[in-house]
Structure formats: C-alpha cells, structure tokens
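Single-structure report; data block below.
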Amino acid sequence: MCEPSGPQLAPSSTSNLLVFCGSFVSLISVCTNSILLYSLRTNQKCFRSYFYFLYILAFLDILISLLYIPVIAFDHWKDAFESRLLSVIWWSCFRYLLTLTNVGMTMASYILLGALAERYFITIRSRVVKRLQENRHLYCALAGVFALFTKGPIFLEFTLIEYSEKSCTGTYKEYFVDVTPLVRTLWYGSIYRFWLRNFLTIFIPFSLLLFINIRTVQILKSQIYQAKHMIKRKFSVSLAGRKKVRAATKTLLLVCLTYLLSNLPNVIITAWEFIDINDLQKNHVDLYMFTTDLVSLLVMLACALRLPIYLLSNEELRLVVKKCFGGSRATGELLKTASQLYTAALHQN
C-alpha cells in the first residue's frame, strides 16, 4: 500500500468547497470579462482614454480566471479523486501556470494602481494628468516588465520529488512538490523572495491603493458638498462636465475596494509570516491552508464583479456594452435594469 513518507496535506472538506466555489466563480469571471474585453476593444475610445486600463485589466482577469482551474482546482481534485491522469497533467504544467498566474496578478494590481492614480490626479486637478494620460501604454508595459521581474523567478523555486516508497510508483502520489535549493539560500530565499518581493508585490500596492482610495473619497465628498451649495448659473456647465469624471472615479474606487477586500486576508497572513513564520506553519497550518484557498476564491470573485460594478456605477461604460451588444434584447433589458438601479442609488445619495 502506498504510504509516502514525504510531506503531504490532505485537502479538507472546507478546502474542497472553497475550490469548487472558486472554479464556478472563475468560469463566470471568464464570461463577464470576455464581454467587457470585446466591448472595449470595439470602442473607438479604448486606446485614447482610461478605458485602456480597463481593457488590460479585463485581459488579465480572463488569464487569471482561466488558470485557476488547472493551477488550484486540479491540485485538489487529483487528491480528492485519486486520479493519476489529473496528477500527470498537473505535474507537467504547474510550474509554468503558477508563474504565469502570479505574474498576471501582480501586473493587474499595478494596472489598477495606475488607473486609480490617474483618477486621483484628475480629481485634484494636477498638472501631471496630461503627461500620465499620454503614457498609459508605457506604464502598462512597465507594469508587465516589473511583474515578470518580481514573480517570474517563481518558476525556479519549485521542483517535483519522487517518493521513495516504491508502491507509490504509477499512482497519483508518485511525486510531491518541494522547493529548490535556491529558495534555501540567504540572498534569494530570505532577502529577495521573503522580504523584498513580498514588500514590492503585496504591501506596496495594497497600501498605496488604500491610501489613494481614502484620499479620493475625501476629495470627492468635499467637491460634491461644494457643488450642492453652488447656485450660480455660471457653474452649471463646469459641474455637468465633471459629472462624467466623478462617475469614472467612483467606478475605479469600487473596483479598488473589491481588490482591497479580496487581498486583505493575504496581507494579514503575509504580515504574520514576517512576524513568526514558524508559528504560522507549525501551529496554525489549517488556518494557513484555509486562508490560501479563501484568498484564491476572493480573487476570482473580485475579477467576476468587475463588469457588474461597471454597469451599475458608470453610464458611459453601460453605453459601451449596450452599443456592442445592442442587438440582444436580453442584454438591453439587463442594461436598462442596471441603469434604473444606478439612478435610484444616485437619488438616495
């Protein structure tokens, strides 16, 4: 009987439930973001406005969502169903797909940061806005290079080890994943991988998005308060022009809020690793594994919610989708309902 002596953690029923929900949500995310990607791609303003950030973000969401099942779900299913076939598939591609997933997630966080930073500078009427708008393509390219530089080396960090127990040969337990000697070195494993990379790819984007989100909300509230007390006619044109700007800003604020909420558990666990990683991995391993699966599910949920947020909070984006799928009666009714909900929410505020 195959009883491997190497490290292994059997997935719990809670973990299997989270992965099942994550797989379902990932498929929804692929569908909604495909609609968004196609709608933005066919719009003339896509490459000349903030739509470009949303276009790149939709592409990355599709990529991340598509990779969820082969990276996360297959890893659970191969053990749950004791499937040799799933194990072989997962063993052959997990390093490539895991690396690609992490690169995509890091790039998406910085794309979101760039989009929100642009809206913030527009909100405060900064002089650098025009320069930022002219260099959206360059910023996205640099975000991709940065993500590849920080997360690309993940490919070199894992390897497959064959179990010493001969009875495991030819079964779904034939191999297990372990870290390479590179990870155990001081400069790479401790300084770069643990300290520098976590700081650059988790704490910095999370902290900056949280700060800019709070500041933008404060400024918007102040501007809205001032607008309500402006009764002179000369301000009407200016206020009407700023209405669309505020709608775009509120949209990105909501998108960033979903990012912050979905990544909060990851930030907490990473902070715990900085404080006492041995205590976390030895005395709270169940919590550690649960949080890992929960974060993956929340990331998929954040990706799937992009399109509903756009439809509910931004009239301009509703018109983009409606123009692209205007021939569909069902889509028309959906957008009409979204418009009514958005208008009702505005009146309540």
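Here the Cβ of each residue, glycine as well, is placed from N, Cα and C on the backbone.
Copied over from TrEMBL, here are the features:
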- 17-38: transmembrane segment (TRANSMEM)
- 32-310: domain 'G-protein coupled receptors family 1 profile' (DOMAIN)
- 50-74: transmembrane segment (TRANSMEM)
- 94-117: transmembrane segment (TRANSMEM)
- 138-156: transmembrane segment (TRANSMEM)
- 194-214: transmembrane segment (TRANSMEM)
- 252-275: transmembrane segment (TRANSMEM)
- 287-312: transmembrane segment (TRANSMEM)
Stretch contact, the transmembrane segment (194-214) with the transmembrane segment (94-117), Cβ-Cβ under 8 Å, 3+ pairs: yes
Most Cβ pairs under 8 Å with the transmembrane segment (252-275), selected from 17-38, 138-156, 287-312: 287-312
Averaged pLDDT score, the domain 'G-protein coupled receptors family 1 profile' (32-310): 87
